[in-house]
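*Asks:* Below is the structure I would like to discuss, written out as structure tokens.
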Amino acid sequence: MADTSVPKALEGLAISKTKELKGTEKRDTLIEIEKRYQRKWEEEGVFEVDAPSTDEFPLGSISPDELREKYPKFFGTIAYPYMNGRLHAGHAFSFSKIEFNTGFARMQGKRALFPQGYHCTGLPIKASADKLVKEIEMFGREFERYKEEEEVEEAPVAAKAAKEDVTKFNAKKGKAAAKASKVKYQWQILHSIGIPIQEIHLFADPQYWLQFFPPECKKDLTNFGARIDWRRQFVTTDANPYYDAFVRWQMIRLKELNKIKFGKRYTIYSIKDGQPCMDHDRGEGEGVLPQEYTALKLKVLEWAPKAAEAIKGKIPEDANVYLVPATLRPETMYGQTCCFVGPTLKYGVFKASEKEYFVITERAAKNMAYQGIFEKEGVIEQAAEIVGSDLIGTKINAPLSFHKEVRVLPMESVLATKGTGVVTSVPSDSPDDYAMVTELAKKADFYGIKKEWAELEIFPIIQTPTSDLLAPYLVKKLKIASPKDAKQLLEAKELAYKEGFYQGVMKVGDFKGEKVEVAKPKVREQLIKAGEAFAYSEPENKVVSRSGDECTVALMDQWYIDYGEDSWRSIALDYVENKDGKGLNTYSPDTQHQFKGVLNWLKQWACARTYGLGSKLPWDPHFLVESLSDSTIYMAYYTIAHWLHKDLFGREKGKGNIEPEQMIDEVWDYIFCRRDLSDDILEKSKILKETLEAMRREFEYFYPLDLRCSGKDLIPNHLTFFLYNHIALFPPEYWPRSVRANGHLQLNGEKMSKSTGNFMTLDDVVKKYGADAARVALADAGDGISDSNFVEDVADNTILRFYTNKEWIEETLKDDKLRTGELNSFQDALFDNEMNALVNEARKHYEETSYKLALKAAHYDFLNARDTYREACNAAGIPLHKDLVMKYIRLQALILTPIAPHWAEWVWLEVLKEKKSIQFALFPEVPAADPSLSAAREYVKTTSSNITSAEAAQLKRMAKGKQSDFDPKKPKKLTIFVNESFPAWQAKYIELLNEVWDAKTNSQKIDDKELNGRIGKMGEMKKAMPFVQALKRRLKDGEPAESVLSRKLSFDEKATLLAMVPGLKRAAGLASVQIVVIEEGSKKGKDLTNNNEEVEVKAVVAEVAVPGQPSFFFENV
């Protein structure tokens, strides 16, 4: 029997902050319906989609474009999930975007393909399996020797960077985020996600992960109701020989195109793993790149006494020792006045060669050891250790500086985690440095230094528009009093860098008169050639591999893909910019901006590693293709996967009856439209011509990919690689059509995190709320690139709404008193028209992939329209009309199908008794909404609301003693005053709007600022603005311009009010309702409710009535 207890080490993970459900009967009823239809869809192969066959349309007899026009298609995919765990709610959010799109595409009559594979390449699975091997050795097969340890503290959250480049975003909420957890061992992690203790040992074999998690992923998505063609599923790596052949073909062709190259380059590197650590191999630091510095060699001329003692006898007497600061601004070295160290930091004296030693931090030494800087590659030899405070006063040589000899001084803010722990000081151009040397000079005794060490002359070296001593100028201007004024110093630093670099001109040195941005690389090269500096690189932020190793930067020979190469990047940028409308649709300017930013900085990418899972590099098989390089064009593989194999691993041949060995490179070229078929290919591959043509048909019909969905954290790597590789390997007509990047998903308004208990897997969500309620909550969560929010209350309330709607449908259809015959002109006509409007509104939002708004129209507003109709009929004392009840049931089922297919299927098959699944139904075609009926409907809603407000306002006046003749507890009479003529003052504003409104485009010819200015000059601004805004709203809502601007209502106001009377009486508890038509300036009116009898008008409120905006007066009867 499986162990179900929760060990102490896992107790923190067992605490959930998610919502607790009270009763589940309604949910269970809906889930039973969902399971029934999921089985039916699977049995009937509802989501299995194929291209038109070559038997029906022989290859070449019709072009791909003509075939797609005859049989429209949609092909959408999500970045396949990594198989080291269960899918969580964040995965489901990205899945939902393709899922809803696929559902709507089917309803547009398209052959909609949504396939799904499983990513297994790379380090994470292998590293986790290796950890388990060690843990089993330590604790036993079932970890019986494990003893409870002290709780492992959660890793602190790094402070947010003061400024972030929006085009370079280091994922904080993606796969690499929320890794902090209260568990220490791999077996604990597996146990926490539900793996029984007795089975965990199986995961010590990395191949077992591939067997276990993909079926779980399929089960979770099936339970979610995903419209996936499961015939096309596969795992990556050489575990599937067909996919392995596909990846090898891809790499060979990229190398032939000179996109893959070999050479020395900086890369993030794990010393422990002995290989590069790319994005998906990281537990922390996804998106972090190498940062290259200029490392200066500041030769020690005279040691401070304690430092001299620390190194005595530990290095050769004739050796040179250098303090080595790392700088991003070598052009400022002319202005060095001192060198800073952290007084509490520990420094090593590391051997670079027989006669050279560097004073740097151990972290810097680890980086240098793998960059060809030390004489022995990968060897770190520390001769001595010195505390920073012991270095203070050491005299050193400063290359290029006007001061050839400077001193080492203290600076508390120097970090061991940035650069080398040694910082050279240029107070002319660095506000931090100027503030520090000023402080040191003021408090020399306090810091234990000689005052003159901090008072060397500050020479101007760069002229900017503001000053040639920019740092002192900014420190004074921003009133920075000490180095502790961090906020002001940060502002000063940004201002100094931008102005100095982009607008500065060199005043000194060999490049005097040149712009700083031109001179900078020249000064760097000069220093390096003179042997006074060298290139040094380190990770721009902390990176930790999944094996737990803090990574360095290595300069190493490696195979890399030459992303960023000028001509390749230029094509990609043009495609992303999409100026002709034929490029990449990114749905959002933010997404396009981030793509362009990444394309402008992304450079070479290591595409091979020696450790992990994957396909072997064809020409260098001791290397494996890394995980972000074998997953760039696999969408093409989906088109033919079912022809190659029936199972995940390619152990059973697919419908093409093809062996993996038959998939030679030329076959892939032919299938993917890179070459024509030849006798040579047929002879070498031994694949039937008919089979090859059928596979090519699948590709050229479904490609290009219509939509790629992913979290925005993949723009800096996967999504950009995906574009680059398609551009390199396929003709332009097969390049991706669109990418939809979504934000991350919060849960109940907070970041999802296992460590805090605010976390749900997809399985958790579906079991707790059912598939449709989960899908509704995901649609409701949001659509933009900013973070969205899954609210459990939405899912919980959806259960009630669906269940209540189900009951109402069942009960209403049993009602034999429903009306039949012609629809009436009020309640029926308004409801019928509103349903038409909502159907067309939902269609528009689905087309724009705005699912939150589509849900509002299809679900919330549709329910509200029905409820309003019920209330209106009930108030009028008439039954609902049967035809409209049936129309409501049918239309809502159809327009909710993309989001809530199970509930819709129940309505379709069990209520409407349709023969075929709603998954094959088309989106309903309904007449366009009648603007006059829409206006009347809006008028009814507004008037009803205004009547309630008017009574409240009248009661408020009574409470203040302004009225004493109305008692709301006694029988009430409501008088509604209607004016058929607009006030004379409005004419000139109507004339203005006539002038600036374009009736053809239904838009304003001038901007709001200009319009408001013109209104302001005409007087009566206070009452004119609301009047003009109301007219504009009517125009934008579709009312004909000729009606609005001729000052006519598009509906009969008097008839509408008369039709409202029975409902108003019942809803507001009125004894009587009187409708009086008045004219401006007259004290007489006509009573519509009494044969137009003339009545005297006494109520002051009558004067404010205008067409479309009646006024109201309550009194007792």
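A Cβ is built for glycine as well, from the same backbone N, Cα and C atoms used for every other residue.
Heads up, here are the entries from TrEMBL:
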| type | residues | note |
| --- | --- | --- |
| DOMAIN | 67-135 | domain 'Aminoacyl-tRNA synthetase class Ia' |
| DOMAIN | 215-789 | domain 'Aminoacyl-tRNA synthetase class Ia' |
| DOMAIN | 831-944 | domain 'Methionyl/Valyl/Leucyl/Isoleucyl-tRNA synthetase anticodon-binding' |
| DOMAIN | 978-1036 | domain 'Leucine--tRNA ligase RagD-binding' |
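On this model, are these features tucked inside or out on the surface, and what's nearby?
*Replies:* Averaged across the domain 'Aminoacyl-tRNA synthetase class Ia' (215-789), pLDDT in this predicted model comes to 94.
Broken down with DSSP, the domain 'Leucine--tRNA ligase RagD-binding' (978-1036) shows 39 helix, 6 strand, 14 coil.
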*Asks:* Helix, strand, coil residue numbers for the domain 'Methionyl/Valyl/Leucyl/Isoleucyl-tRNA synthetase anticodon-binding' (831-944) per DSSP?
*Replies:* 86 helix, 1 strand, 27 coil
*Asks:* What is the three-state DSSP composition of the domain 'Aminoacyl-tRNA synthetase class Ia' (67-135), stated as helix, strand and coil residue counts?
*Replies:* 36 helix, 14 strand, 19 coil
